[in-house]
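Among the features that TrEMBL reports, domain 'ABC transmembrane type-1' is placed at 50-331. Annotation source TrEMBL lists domain 'ABC transporter' at 365-599. According to TrEMBL, the feature transmembrane segment maps to 45-64, 84-103, 164-184, 190-208, 274-295.
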Amino acid sequence: MTDATAAIDFETSPATDSRPHRADVPRFLRSPVVFILHYLKNRRWLFGSLFAVALAASSCSVVVQYGMKLLVDAISGSTPNPSAAWTALAFFIVLIGMESLLWRSSGWLAAKTTISVGVDVRLDLLDYMIGHPVRYFQDNLAGALGHRVTATAGAFGILVNRTVWDIAPPVISFVGAFIIFATFDIWMSLTLAAFALAVTAGLILFGFGGRELHRAYAEQSGHVGGELIDVITNVWAVKAFSARDRERSRLAHAFSREAVAQRTSWMFTEKSRVLHDIMLLVMAGSMLVWSMLLWQRGSITSGDVVVVSALTFRILHGSRDLAMALVDMTQHFSYLGETLRIIGQPHEIADAPEAAPIVPHEGEVEFLDVAFAYGEGRKVLRDFTLSIPAGQKVGIVGPSGAGKSTIVHLLQRLHDVQEGELRIGGHPVVGLQQDSLRAAISVVPQEVSLFHRSIGDNIRFARPNATDEEVVAAAKAAYCDDFIRALPDGYDTLVGERGAKLSGGQRQRVGIARAFLKDTPIIILDEATSGLDTQSEIEVQSALARLMRDRTVIAVAHRLSTIAGFDRVVVVIEGQIVEDGSPKDLRRKEGGIFARMWSLQAEGLSMDDIAASMIEPSREGGYAGQVFGLGEAREPAKVP
């Protein structure tokens, strides 16, 4: 034991509560407002500069209207004043240039900030999402999740851009108009303020009423995106089962539901536009009539009428932008909230604060009175005790649903044990960081998952810092170097989505090469050869034999011949061990379960057929360990 290991008292540390709590979710994922503020704070100086420049540009646009008033007054007076007119014109042109410069600066800052934040948003959401258990990805369409991550990054940019270019300018125009109108008539200014508040309040209240409609559309949009990608991903099945028309019809129904939700959301937006137009018609008409009456009485100049007209129409168009921006932002807030609800769920399995970053270097595995159930269902494992010394090769056999895969999933901490304790290398797994634990385990599953990258990159995925020589050495050890070099681009050959360009045996050997490269003390073989033809199985078995040398191996096997040379076989029925011993001894055991399984599989029966012919259901619907020919139900075998 190293000093670092000894410094951590696993024995006396309290049991880790791995149940999900909302408090475990990062604060920035708990609400759309907090989410946005989080990323604004991360680049506060850039965003602060962006908003300051945008406000300056909006203010300058109001002053431009006042510059127009000065120019009109200078040229419309009873006594021409060329000097004043030219001065007013120069001032007017400078203001126009300054306004343009400020807006272009805000555009440059927006491009620099929002695009960078978009990258951060996608990485942060992906990083948190990967922390969810495998079941989460089984319950949610991969395409829908990917669409939400990308769309959320876009939504952040839209919200910022809407604020800078569609909300700030109208607000500044309202404030500027209020100040300028006050110099003519304070009551006109107060009336404008009352109109502005009424329009804004009405649109906001109306917009909030459509949140549920926008949320429903966001939900349907995400679902349809996932359904579409699901069909594209499974195009082989669509072709193989002549399901093109059937899938088109099914997607047509999904698209129709999305269209209904989108149409409802859109029509609500149109209603808000009608409300906005009515309010603005009353406001603009009132201001223009009022200014004309003041001009008629000689209270204001022609330039004043011009600036009132210009600002009124600027407010008219600006408020339309403001209204649409508020409605659009409501939609994006709804989408953002829906995304955070789906992705921002508490992790079912999380590292404890005191979890140690220790990679177990010894392959000893211990299950101590472990119990586990999926959800509220029956227990898959009950009082399960199994001790595997370092370097031992153990095969786990039994019918489907016996708990075999659950055992290896618990070992990888894809789930947490609910009772008892699981130890690796003497350390309770709940006391280790998940990444550290999994760094000690290599898994060769039945279906090796490959990325649409080169074969070399797929092998190197097990250890990113591996050299080319180490990758080739791992490939040679897994007996896949020859077929790789025969490919058009050798190790640079793209394997296709999920390795579609490779055969099943080739994918398995690439998976074994990964395990060689990772070089861990524990190997898990999860039915690694069950889906292969005879020739491929022979090639893969040769590679596995090399891989398993001097390592702890736990193999879930349907083909009993694959574990004939193991040190030990454990027969699991209904989450309990009913037989435990060497393959040789169990095959010779008269009336034993493994012996009968071996005999029946030699006759060509599958594992489930064998189990169905041997195991008697109990009255409660389970198996209770009663096996034909073995008499009374027996206690699970205890491992010495």
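Heads up, the Cβ atoms here are built off N, Cα and C, so glycines get one too.
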Considering the transmembrane segment (190-208), which listed stretch of 45-64, 164-184, 274-295 counts the most C-beta pairs under 8 Å: 274-295
Reported mean pLDDT - the domain 'ABC transporter' (365-599): 86
Contacting positions for the transmembrane segment (164-184) when only residues 6+ beyond its ends and CB under 8 Å are counted: 50-51, 54-55, 57-59, 61-63, 65-66, 106, 110, 192-193, 196, 291, 294, 299-300, 304, 307-308, 311-312, 314-315, 318-319, 321-322, 324-326
